[in-house]
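S.K.: Pasting a structure below so you can have a look.
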C-alpha cells in the first residue's frame, strides 16, 4: 500500500515536471569570457526571462582564444548554440560553414535595421540577408597623456587635430636617455595593435587612396597614395623618431605606464585605461589631414542565430536577439561594458555627445569604415610584416607595399 | 600484482566453488593462460587509451592530410594538393629552416653545456645539492612563465633588463626579439636554459653509474685526466648520450611554448624569423581552420621526427 502511494506521488511529480518542461523553452547563448560582458549579459538575461517566463536562457562562455574553435567544433557535432556572439569579421566563415542562419526579415525588417542602426551594420549582410545584429560598436580615437603634454609645454586641453599637429606634439613629448635610447615615446607604433586599422582605413584614405574596392574583393592600396601613407607611418620611427616599434612591448602598455604621449586605440581600451592613476589622460578624434579629411575604423561583435535553432527554439532565439539588440539592452551594455550603442538614437544622445570620453568615439562612428576581413588574423599579420620589412629589414616602402598588396590579395582570393 | 595473485591460485583452487566471487571461467585453464588473461586484462586499459587517444588520431591525420577539411564542412579528398602547396610555399621552407636551426644548433650546445656542468658538479662536494637544485629549477617551471620573464629580459630600454645593464656601461642596445637575426638565437638560449636541468641530472646519473674501479685502474696505469675523459668517461656514457640526443632533438623539433609566448604580438615573428613547424601547424589549424593543410604539415613533422630518431639510433648504435 505504501509503495503504491509512493509510486503515485512519483508519477504525479514526473508528470508535473514533464508538463512544465513542455511549456518552457531553453535556449543557449554563447559568448567569450570577459568579465563585464558576462555581467551585462546576466543582467539582460534576467530582464528577458522576467518578461518571458516561458523561456530560459543559458549563458555559456569560453576563453577568447578557444571561442571560435569551440563554436565551429560544436556546430560540427550539431550541438551549437541557439544565439551566439561573433566578430563581424567571421561572418563569411560562419555563413560558409553553416554555423549561423539568416535573420527572418519578418521579425527583423531590413528597412528598420538600416534606418536605426549605424551604417556599419551592413557588414553583417550577405546577399539579401542579414546574419546578425550588434549590441555595441567600437571605433578608434587618439588617447593623449595630459601630464606629458604639460611637461612638453603643450596645452593639454588642446590636443592635436591634424596629422601635422600630431607629429609636432609627439616630437615635443619624445625623450631620449643619455645613450640615445628612447625613454618616452611621443607616439606608440604598434601595427599588431590598432595601427593596422588606422593605416588601412584612415591613413590610406587621407593620403588620397582607397584601401580596397567597394566590395573589399580587390586590394587597391598599392599606389602612390598607399605608399605615401605607409611612408608617413614608418617615418614616424625612421625620420621623425617619435616612436619605435616594440617600445615597452606593446603600445597600450607604453601609454599605460606613462611612457608614451599619444596612442591610437579603441573603445574597448577604456576599461583598462580607466584604472590609470599616475597621470591624467584625454581622448580626441583621430587627426584629420591638412584638407580636413577624416576617417575611422569601426568594428563590432554581433549576435547571430545558430543554424540548429528550429521551431519554438528559433522563435525564442529571435525574441532574445530582438531584446539584446533593443535600445534598453544597449543602455545596459554601455553602462556595464562601456561599449557604444549600435543604434543611432541610443548612441547620439546629448548626454553621450557631451561626454568627453564617449564623444570622440561617437563622432568617429559617423564617418567610420568597416573592413570586410576574410581572415582577420592573416590580414593583420600581413600589415605587421609590411611595416617590419621597412622598419627592421630596411626594405623600400614601395617594394614592401607591393609585396603586402600581393599577399593580401592572395588571402582574399583563396577564400572565394 | 597480477602474478602474485596467481601464484597463490593453485592452492586455493579446490576451494573455488565455495568462494564468493570466485571465477568459474578460470577452471580448466592452464596457469600460463590465466596469467596472460590477467596481464592483458591490466594492459587493456592503456592499450585502449593509446589506441583511441593516440594512434587513431595519428592515423586519421594521414587521411586528413589528403582532404580539404576546414572544420565546418565535410572533408573532401583532394589527393596530394596539400603537399604540393606546402612544398611550393616559401613560408614553409623558412619555417623548415628555422626548425632545423633550433635542432642543429640547440641540441649540441645544450648537450655540451649540460655535460660540462654535470662533470664539474660531479666533482664538487660543497653546495652540491643546492647547485643541482638550482640547475634543475628551470626544468620544473612552467614554460610560458619562463618565456615571459625572458621576454622581459630582452625588451629594449627602458624596461628590458639586459639592455638596461648594457646601457649603464655604455654599450649600444641589442635588438634581441626585435631583430630578424637575433630573435631566433635569443629564444634558443631560453629553450636551452630550460632543458639544461634535466640533461644535467641524467648526465650525473650516467657519470655515477661508471664504476670507480675503472678510474682507479687508469690512474694506476698513469693515464692523464684528458685521456681518462676520452677513453673511459665518454665511451661509457654513450647510452646516456644517445638517450639525451634523441630526447633533446625531439624537444627542439617540437619547440613551441617559448616561441609562442615570447612573440605573442607577432607569433613566430618578426617576419616569421622564429617560427617553428609546430607554431605553423597551430596557426594553420586554429587560426585559419585549414585542418587538411595542417594535417599535411603534421605528417611532415612526424616523418622528420621519425627519421631523425632512427638516424640517431643508427649513428650511435653499438658496434
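FYI, residue positions are counted from 1 along the chain as it appears here.
Using the three backbone atoms N, Cα and C, a Cβ is placed for every residue, glycine included.
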S.K.: State the residue range annotated as transmembrane segment by TrEMBL; the candidates are B:215-235, B:236-256.
M.R.: B:236-256
S.K.: Which of these ranges is annotated transmembrane segment in TrEMBL: B:70-90, B:133-153, B:154-174?
M.R.: B:133-153
S.K.: Grab the same-chain neighbours of the transmembrane segment (B:133-153) for me: Cβ-Cβ under 8 Å, and only residues 6 or more beyond its ends, written as numbers and ranges.
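M.R.: Apart from its flanks, the transmembrane segment (B:133-153) reaches 117, 121, 159-162, 177, 186, 189-190, 193-198, 200-201, 257-258, 260-262.
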S.K.: Hey, which bits of the same chain come close to the transmembrane segment (B:294-316), Cβ under 8 Å, at least six residues off its ends?
M.R.: 58, 61-62, 64-65, 67, 69, 82-83, 86, 92, 99, 103, 238, 241-242, 245-246, 249-250, 253-254, 277-278, 280-281, 284-285
S.K.: Please indicate, using numbers and ranges, the residues of the same chain that are 6 or more beyond the transmembrane segment (B:182-205) and have a C-beta under 8 Å from a C-beta there.
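M.R.: Residues 98, 101-102, 105-106, 109-111, 113-115, 117-119, 121-122, 132, 135-141, 143, 146-147, 150, 154, 174-176, 237, 240, 243-244, 248, 251-252, 255, 258-259, 262-263, 269-270, 273-274.
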